[in-house]
Amino acid sequence: MFISLWEFFYENFFRYWMKWILRQMTGKCELQRIFDTYVGAQRTHRIENSLTYSKNKVLQEATHVMQGEVDKRVEDIMKEKNINPEKDASFKICMKACLLQISGYKQLYVDVENERKKPYDSDNLQHEKLLLKLWNLLMPKNKLKARISKQWADIGFQGDDPKTDFRGMGILGLINLVYFSENYTTVAHQILSRSNHPKLGYSYAIVGINLTEMAYSLLKSEALKFYLYNFVPGIPTMEHFHQFYCYLVYEFDKFWFEEKPESIMYFNLYREKFHEKIKRLLLDSNVALTLKI
Amino acid sequence: MQHAWRAASGPRPRPAPNHRLGGPRQPRGLVCSILQVNASLQPSRAALIARLRDERPLARLRTLGKVELDPPLYRCFPPPLCVRGTSGAVPQQLPLVTGRQEEEEEEGLGGRMGLLSILRKLKSAPDQEVRILLLGLDNAGKTTLLKQLASEDISHITPTQGFNIKSVQSQGFKLNVWDIGGQRKIRPYWRNYFENTDILIYVIDSADRKRFEETGQELAELLEEEKLSCVPVLVFANKQDLLTAAPASEIAEGLNLHTIRDRVWQIQSCSALTGEGVQDGMNWVCKNVNAKKK
């Protein structure tokens, strides 16, 4: 009750007064003060908040700006805020970088969601090619005898035809699996052979699809913001999402064998534990999660 | 939070004046309806039995008898079985009795039971817990069904490694639903979950004709399990939203369901995706919770 009352007053009155007082004292607007004080993800995050809560329409809509319009939008903001480009030369560069990161994150979610919504389609030649590519990357020595075959279970699909396993993650799940196998082939082979452990083993491919879901839900809940703002100086792309997925696969495998679960039946329990761990790491504004081999 | 289950369609018959129940309840989550025979209009036991004999299985009659012999108990505990409206008795379609409603009802009866009603309240247990096991081949739609029951988002489902469990509260019942992965590799683990199962729900992908034989075999093996003996089984002929889906009757024939003699069973066509038919299946589950033959 008190908190919501405070929030109401803060957002409507105090914030405005404080900003006015600080502006008079420093001669700089809030955006400039943020650039002076913070770097990395904190800077972008604070700029984003400042823009979102702004009462000025130009500033408010800046977080949804299209990539091609960033330059113009920066100039609009400078005009709106009376910032002299000669006095504060760095403002333009910093603001542009921040806007690219902020709008890029939103665009990345749209792109990822688009891939996720595309179901795996066996009539689509590209999808079929990608699936066979996955097999060849993971099993270079064993030839796949038929498209529908029990062999798929060797790389951790559930049945004879992997197409039913992609489900809610659609083609995104397959793209993630292929990306990891292609860019970290040796690690992928190690993890695949570990996943065949008689006691601690798990189903490589469907655990991978589960981790796609984890990466996707973290992106959706905006938990990946600090990570991407630190990791990518410009526009975050699909590539960066795949990189994060690779980190998850590698770390999950390590986590699983450290925890030594009693059986695969406890998968969801450990998955949740791992999820919490990652969420905790992502809360740190200096977070930098990279796959270290 | 209790879920109020009630019929999704059709007008609700007006309750008799001596049943002062709460106003219309908001349906939340799974919707199901329970029919009760209005106490005041109950026909004689013999007549009811006679009427029911031609259409209901034996298990129903047995529980009905108990209900009639011990009306106070009937009001204390949620009715384990439901009686379908028959021509003579005017059926009352009411939400299942919850704690609050019970109190109101008793006051409505003039509190004539006094001490007895207090004792009864002490005795009245919390919701009866029901253990439901959800099995079937991989990609049958078990997790979608589970999430549909819990009114959760079903668009991000991934293959189940291990199991999921959710509790769904309904008036009088706390349904603990265990959804176990259907992948061939983990089917040997199914038996670890058999103990104390009240209802077995077996889910079939009606459009996956190639695996009808495999799914039939798995079901047949389940029915032979000692720990599952006499456990009522509900077969969901899922994915009826697909054009290629086989009708429930065809599946029932293919699985030789009519040869099941040792338990009550039911086949229900449904689509876990759209939710169609799920409610009807769960109605059956609620009605047959206590039909497990000892």
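Backbone N, Cα and C atoms are what each Cβ position is placed from, and that goes for glycine too.
Site annotation for GTP in TrEMBL covers B:GLY136, B:LEU137, B:ASP138, B:ASN139, B:ALA140, B:GLY141, B:LYS142, B:THR143, B:ASN238, B:LYS239, B:GLN240, B:ASP241, and the matching candidate from B:GLY182, B:GLY281 is B:GLY182. Feature region 'Disordered', per TrEMBL, maps to range B:1-25 of the set B:1-25, B:101-125. Checking the binding-site residues B:LYS142, B:THR143, B:ASP241 against chain A with a Cβ-Cβ cut-off of under 8 Å leaves no residue at all.
Taking Cβ-Cβ distances under 8 Å and a sequence gap of 6 or more within the same chain, the neighbours of B:ALA140 (GTP binding site) are B:GLY182, B:VAL203, B:ILE204, B:ASP205, B:ASP208, B:THR215, B:ASN238. Put simply, the two farthest-apart Cα atoms among B:GLY136, B:LEU137, B:ASP138, B:ASN139, B:ALA140, B:GLY141, B:LYS142, B:THR143, B:GLY182, B:ASN238, B:LYS239, B:GLN240, B:ASP241, the recorded binders of GTP, are 21 Å from each other. For B:THR160 (Mg(2+) binding site), the same-chain residues that are 6 or more apart in sequence and have a Cβ closer than 8 Å to its Cβ are B:LYS142, B:THR143, B:ASP179, B:ILE180, B:GLY181, B:GLY182, B:GLN183.
The most densely surrounded of the binding-site residues B:LYS142, B:LYS239, judged by C-beta neighbours within 10 angstroms, is B:LYS142.
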